[in-house]
Structures are given as structure tokens and as C-alpha cells.
Amino acid sequence: RSGGASSFAAAAAAAVRARAWRPSGGGLAGLGGRVRTAAAVAEAPASTGGGASSGDSQKQGSTEKKDDKEAPIGWGRFAMYGASGISGIVFLFYFYKAKYDLHKTELLLLERFRTLPLYPAPGPPISEENSRVDPTGLPHDLVDVIAEWFITTDLQESGGVTRDDVLDLFRELGFDEKEPACKEFLMRGEGQLEERRRLTGAGLQESIELLAKLALPPRSEEAGAPRPEPRVGRESVELIRRKLSRVSVVSAAAVMQQAMQPPSMASLPPATMAAAPAAPPDLGDFGAAPAAAPPPPPVQPAASYASSLDVSDNEASIDDDEYQRRMEVARLERIERDLVARLERMGSLSPAEEARLRDVREQRAAL
């Protein structure tokens with residue numbers, strides 16, 4: 001570049017000299033020669049400067065190539081190479097462990113990945129979630145006794161607990177079926193007719209939620225308002241326990257009587273034991289009968305074990321049975337009265353209502 005500048009200065013000086021020169025009368029040839037000489041002098045440094053610039057560009061290109069070759073490995077490339085190497089080693093280890101079987105290697109790798117803390121902890125199983133009961137503000141003793149009644153009724157009835165059973169229980173607790181919560185509970189049943197919806201199944205959680213809607217008054221929207229007291233208490237708990245006492249007493253007495261029977265009596269029924277003939281006496285060598293052995297002590301019958309129960313418990317169970325029978329009769333009479341009133345008002349009943357009326361009358365006759 002410095003050579004180009006000097007050539008430009010030389011050319012300018014030659015032009016000034018050519019302008020300052022005054023040609024004489026026959027010196028045109030000399031003028032032409034001087035002009036050509038000045039042009040040659042101007043072109044020579046220019047070509048020299050162009051060669052210098054091309055040499056500088058070649059030197060710069062070689063320097064850039066040298067810098068590219070000597071650049072160090074970055075962290076990204078180093079991490080990629082390291083991860084690839086570790087993955088290859090792990091795969092080869094499990095491939096060797098699976099005895100060179102690709103399918104087993106895949107299973108081993110999948111099992112290993114599942115043990116890594118990459119997935120959230122498993123939640124509770126579905127059976128545990130379905131068995132949870134939310135009291136929704138009700139006392140825990142009331143929720144426990146309702147759950148016990150629900151399970152007992154579900155085991156006794158072939159169709160399980162129906163919505164009609166739940167409404168009958170809550171009616172005995174003092175609630176009316178005409179309340180909006182009861183109507184909504186009944187409307188969630190399957191079918192178009194009311195009787196069909198009454199016979200559909202009900203769940204424990206929705207039964208407790210219905211009782212909470214009936215028993216708990218609406219809570220105040222003010223901040224810090226106290227929790228309202230439920231409309232059910234110890235009386236409701238005792239009522240439901242009396243309903244369960246009949247089944248529990250009968251089952252407990254049967255189990256106790258079976259457990260107290262002697263093994264010899266438990267293996268044979270009483271009629272078979274009474275009808276069994278006595279074995280003939282074995283005669284001795286002289287034809288005379290041996291002396292009679294003393295008779296075995298009489299076996300105490302199982303009834304004597306049952307009679308050892310406390311008398312007060314028996315009287316309490318009898319009173320509870322009588323109370324339960326009267327309550328059941330009153331419930332059946334109320335259902336029959338409602339169905340008969342509907343028959344008189346509408347003139348006819350649906351097939352489901354007729355079947356229910358017939359069942360109610362049969363149950364009353366059995367009681």
C-alpha cells in the first residue's frame with residue numbers, strides 16, 4: 001500500500017514537470033518520448049503495490065487456517081463426547097450382562113431407568129382411594145356407625161344398599177324426604193320412574209354427604225365464623241346401633257353356641273346320636289358276661305352352655321328385638337299407606353309400585 005502511494009506521488013510529479021515543460025519547435029518527438037517514460041514510471045510502482053497487497057492477503061489466509069487448526073475443544077463438545085462414551089460403556093455392560101441378547105438388554109436398561117429418581121412417587125392405589133370416607137363435618141362416631149350399618153345392610157341384601165334404604169334410615173333419624181337434598185339424591189338414581197330410582201344402588205360417601213346436607217345448617221360466610229353444630233347427636237348414634245344390635249346378637253349367639261359344642265356332639269346331629277344302637281356286650285372265655293362297666297358321665301348339652309350367658313344381656317337383646325320389630329312394622333305400614341293413597345288418587349299403580357306393595361304386605365305378614 002505504501003508503494004501505491006509513492007507511485008501516485010511520482011505520477012503527479014511527472015505530470016507537473018510535463019506541464020511546466022515548454023516544447024520547442026521540432027521537439028514533438030522528444031515530448032512523446034518523455035510522456036511514455038513518465039507513464040512507465042507511474043505504472044511500475046502501481047504493479048509493485050498490487051503484488052504487495054496480494055501477498056498480504058495470502059499471509060492473512062494462512063494465519064486464519066493456522067488459528068482454526070489450533071482452536072481448543074469447547075465444553076459443549078467435551079460434554080457430548082463424555083456422554084457418548086459413558087452411554088456406550090453402560091450399554092456394553094448391560095449387553096454383556098444380558099448374555100448378548102438385545103431384548104434382555106432393553107429390559108434391563110428399562111428396569112434400571114425406572115429406579116432413577118426421574119418419575120414422581122406413586123400415589124395411593126385405587127382401592128385405598130375408594131375406601132376413604134370424608135366425614136364432611138359430621139361427628140366421627142356417627143360416620144363410623146353409618147359405615148357399619150351400610151356394610152351390614154349390603155351383606156344382607158342381595159341387591160346391596162338402595163337409595164330407598166338410605167332415605168328410610170334418614171327418615172327414622174328425623175329428616176323429611178321432601179327436602180331438596182333428598183330429592184336431588186333420589187334424582188341421581190337410574191331410570192325414569194321414581195320407584196325405579198329408589199331401587200338403584202347408593203354409595204357410602206354420597207349417603208354421608210346427603211346426611212351432612214340435611215344435618216349441618218348453612219355455614220355463615222363471615223370470616224372466622226364458628227362451625228355450625230349438626231342436628232344429629234348421640235340419639236342418632238344409639239338409634240342406628242339398636243338397628244344393628246339384632247343382627248349382631250343373633251350372629252354372636254350362633255357362633256358362641258357352635259364354639260361351645262363338644263367335638264363328639266358337633267360331628268353328629270342329636271337325632272343320629274339318639275338313634276344309634278348300643279353295641280352288644282362281649283362274652284368272656286367261659287361264656288359269662290363281664291362285669292358291667294360304669295356308665296360314662298352324661299354329656300352336658302350345648303344348651304346348658306348357652307344358659308350360662310348373662311340374664312341382663314338376654315333381656316336387653318329381647319327388648320331390642322321387640323323395638324326393632326315395632327320400628328319395622330311402622331315403616332312397612334307407612335310405605336303401604338303411601339302406596340294405597342297413590343292408588344286411590346291416580347286409580348292405578350306402575351308395575352314396580354305394585355310389586356313393592358305386594359312385597360311390603362308379605363313382609364308385614366311375616367312379622
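Cβ coordinates are placed from backbone N, Cα and C, and glycine is handled just like the others.
Marked as region 'Disordered' by TrEMBL: 42-69, 285-324, 344-367. Here TrEMBL flags 78-96 as transmembrane segment. The compositional bias 'Acidic residues' annotation in TrEMBL covers 312-322. The compositional bias 'Basic and acidic residues' annotation in TrEMBL covers 353-367.
The DSSP breakdown of the compositional bias 'Basic and acidic residues' (353-367) into helical (H, G, I), extended (E, B) and coil residues amounts to 14 helix, 0 strand, 1 coil. Tertiary neighbourhood of the transmembrane segment (78-96): same-chain residues 102, 105, 108-109, 112, selected by CB-CB distance under 8 Å and a gap of 6+ residues from either end.
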